[in-house]
Amino acid sequence: MADNKIELTKKDRLHVWWRSTFIQGSWNYERMQNGGWAYTMIPALKKLYTTKEDRAAALKRHLEFFNTHPYLASPIIGVTLALEEDRANGAPIDDVAIQGVKVGMMGPLAGIGDPVFWFTVRPILGAIAASLAISGNILGPLIYFFGWNLIRMAFTWYTQEFGYRAGSRISEDMSGGLLQDVTKGASILGMFILGSLINRWVVVKFLPVVSTVKLQKGAYIDWNNLHGMKGVQTALTQQAAGLSLTSNKVTTLQNNLDALIPGLAGLGITLICMWLLKKGVSPIVQILGLFVIGVVLHVIGLM
Amino acid sequence: MNLNAIQIILVIIVAFLAGMEGILDEFQFHQPVVACTLIGLVTGQLIPCLMLGGSLQMIALGWANVGAAVAPDAALASIASAIILVLGGQGKAGISSAIALAIPLAVAGLLLTIIARTIATAIVHLMDAAAAEGSFGKVDMWHVIAICMQGVRIAIPAALILAIGAGPVKGLLAQMPTWLTGGLSVGGGMVVAVGYAMVINMIATREVWPFFAIGFVLATIQQLTLLGLGAIGLSLALIYLSLSKQGGSGSNGGNGNSGSGTGDQVGDIIDNY
């Protein structure tokens, strides 16, 4: 094994890095970034696997569900490159291990990428650029475009390399059983994260009003007796103190469900989808069906 | 104002780039401050379009695709409003009405995004077929086609606006039924469940289901960020791994000492005594 070890060179890794720019290109409702992920891995897979069977298996493995922040995919790509490299060289790394690593890392990393890039760096850069542009200064878009891409490209390259080195360390220690640990740990982390993502990212909201209760005097802000700016101040103070904005307490069906446990409906939909998948109902049918259900429920005012 | 053939082609190319970036989110060609400026550059209306881009950028500062949720379509908003500004021929005076149009356009653009992402689902199935043959070339090809489709998503509306002019576009937008856009966004909130269901079917075993339950329940605590949840998940995995190892060595030791292997330390001590 050590004699003719296939290794990914820096050139290969640069090639993968460039392709990772297009990871969201075939973003779809079924497996999200999977097409882009496979596209990104192809230069490495081409080098590591030569038979048709190996190549087909590798492509299939990398067309599984994947979704994270597009830039934070880079460290995951790095780790996966290292795992694939060792797998190609005979290490016992199975599909579940690779998928587990991917799923386990994608949620938390998306949790870093969204606030950092979309809600911090981009608004700051955007505000600077916009204020220049509004005054007719062409530097606005230039600063925005070059500044952003410099930050992005440096970030994705260095985190991919970081992931690659970390991934190599994981699989170097073969005798210590570290690999089996990583496999099991990854699937535990993966399931944990899936549980939380379903709660956070499957959005279901029932609108029907279950009850409208008239509140006692003093439990709500009495708008009729408030006047002028002083009144606004009083109202804000009262609201902060927990007084209701209206004289009625409106409870929706969603409020009732949330009192049970928030996200229960999303979990229910996921479980039904799992069952349908096992019954052989195609994901596309399920997706179209959910859109139809969404429109119908919206029209009848349930959601 | 009328554009010549070369300008029309360049406008459509810029629209195509912005459409691609609307999904890729990498080079940021779709951000108003960049996209509007590019339209201004190719139509000779640089300064008004630059200023429009700046104003729109301020509005779109916080628009972002998070998870599977889609933000209003910055690409369509920037491209279409810049074209309308140019066609209107009012220069800087037309900026405010172009902005007023941009917002409904951004929302209408969501519909196109949903259509494109649904078509992409079919494309991915063609990739599956290519993967079964072990063909890297075909997977590459379908991915590139998917990216181009996203470009076309903005290029076609841009061409339409150029063809029919700014006025009728306003009327058309006013007729978009809200029941359809509202319903589709409700559906969009639910469809992500299908993807999660597929992954769970793949990695779930009897052993790891409890961790799914813990993750689900902990996620109801809104103060916990995804990063925090990740840390908890990782810790749980590490604890489980080390405990399962200790359990293994413990029962071996137990067999050696007492022969009963009950794991009951007090019982073992009494037996040995």
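Cβ coordinates are placed from backbone N, Cα and C, and glycine is handled just like the others.
Given the structure is predicted, the values throughout are model-derived calculations rather than measurements.
Quick look at what TrEMBL annotates:
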type: TRANSMEM; residues: B:6-24; note: transmembrane segment
type: TRANSMEM; residues: B:36-60; note: transmembrane segment
type: TRANSMEM; residues: B:66-87; note: transmembrane segment
type: TRANSMEM; residues: B:99-124; note: transmembrane segment
type: TRANSMEM; residues: B:144-166; note: transmembrane segment
type: TRANSMEM; residues: B:178-199; note: transmembrane segment
type: TRANSMEM; residues: B:211-241; note: transmembrane segment
type: REGION; residues: B:249-273; note: region 'Disordered'
type: COMPBIAS; residues: B:249-264; note: compositional bias 'Gly residues'
- prompt: Any residues 6+ beyond the ends of the transmembrane segment (B:36-60) with a Cβ under 8 Å from its own?
  reply: 3, 7, 10-11, 14, 17-18, 29, 72, 74, 77-79, 81-83, 85-86, 91-92, 94-95, 98-99, 102-103, 106
- request: Tell me, please, if the transmembrane segment (B:6-24) and the transmembrane segment (B:144-166) are in contact, taking contact as 3+ Cβ pairs under 8 Å between residues separated by 6 or more positions?
  value: yes
Message: How about long-range neighbours of the transmembrane segment (B:99-124): same chain, 6 or more residues beyond its ends, C-beta under 8 Å?
response: 22-23, 32, 52, 55-56, 59-60, 70, 72-78, 80-81, 84, 142, 145-146, 149-150, 153-154, 157, 169-170, 173-174, 176, 180-181, 184-185, 188
Task: State the residues, same chain only, that lie 6 or more residues beyond the ends of the transmembrane segment (B:144-166) and have a CB under 8 A from a CB inside it; answer 'none' if no residue qualifies.
output: 3, 8, 11-12, 15-20, 22-24, 75-76, 79-80, 83-84, 87-88, 112-113, 115-116, 119-120, 123
